[in-house]
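Chemist: Okay, handing you the structure first.
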Amino acid sequence: MTNERPLILITNDDGVWAKGINELIECLKDLGDLVVFAPDGPRSGMGSAITSLVPIKYTLLKKEEGLTIYSCTGTPVDCVKLAINEVLERKPDLLVSGINHGGNMAICVNYSGTMGAAAEGCIFNVPSMGVSLLDHAADADFSECCRLGRMLARRVLKEGLPHGTYLNLNVPKLPQVKGLKVCRQADGRWVREFKRSENASGEPVFWLTGAFESAKPIHPDNDMLALDSGYASLVPCKIDVTDYDFMATLNNWIL
């Protein structure tokens, strides 16, 4: 029988100094011993990128009872890999990535460093979740996000998650949400993605921008609709991306 407190690994893609991750630390600190291992600066949009051509390093920023904070020169996924392989003395009981400044709904899950880190935790068989607020402001109000994130973290610590499954929680920018809906990921894509400009030399340069366009037909239980209706969305995600329904058809192809 062990009396060890749960070990919770926290990371993000906005960097160790972002308000979101520090609000997350405050709302989870009574649930277990926290180890924060996060990028030393913004790494948004990194997805599951890893660093392979240059060395990475980490720096201890703070150590006190129940809380240790490191910064890392790598990507969010690098942070998870390095923390679990080289720094932590035991496997975490939970990984929480966030709180992200900005939403990670629909196909954004494929680009998100926040969700890339959560997926990496899942690959290590650590129950993992990403938490995002639909507000990019540096001083955003994370109150509702913290309330829901903490509630979900407590439940995951108690119940665990199925093998290969991790969670994606998104919270709208509202003083109070209507509730929490378990959803499917919205289908669609980004359109008008680049804004063309010129640099000082007159050469064309491009800024990433764009708008999300939902695919038709729109499923009524998707995360975008839930968020637009004032609900927080919770999507269970899978590491295994195999299309099992298409396997039989593919086997019948003449290759």
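Glycine residues also receive a Cβ, built from the backbone N, Cα and C atoms like all the rest.
Quick paste of what Swiss-Prot says about this protein:
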BINDING   Asp13, Asp14, Ser44, Asn100  divalent metal cation binding site
Chemist: Excluding Asp13, Asp14, Ser44, Asn100, which residues of the same chain place their Cβ within 8 Å of the centroid of the Cβ atoms of the recorded divalent metal cation site?
Modeler: Asn12, Gly15, Ala18, Gly20, Pro42, Arg43, Pro76, Gly98, His101, Gly102, Ser112, Gly113, Thr114
Chemist: Name the residues of the same chain, 6+ apart in sequence, whose Cβ is under 8 Å from the Cβ of Asp14 (divalent metal cation binding site)?
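Modeler: Listed in sequence order: Gly20, Ile21, Pro42, Arg43, Ser44, Asn100, His101.
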Chemist: Would you mind ranking the binding-site residues Ser44, Asn100 by how many other Cβ atoms sit within 10 Å of each Cβ and giving me the lowest?
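Modeler: Across Ser44, Asn100, these binding-site residues, the one with fewest Cβ atoms within 10 Å is Ser44.
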Chemist: What are the non-local neighbours of Asp13 (divalent metal cation binding site), defined as same-chain residues 6+ apart in sequence with CB under 8 A from its CB?
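Modeler: Long-range Cβ contacts: Pro39, Pro42, Arg43, Ser44, Gly45, Met46, Thr75, Pro76, Ser97, Asn100, Ser112, Gly113, Thr114, Gly116, Ala117.
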Chemist: Taking DSSP as the reference, which of helix, strand or coil describes Asn100 (divalent metal cation binding site)?
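Modeler: Once the DSSP labels are grouped into three classes, Asn100 (divalent metal cation binding site) ends up as strand.
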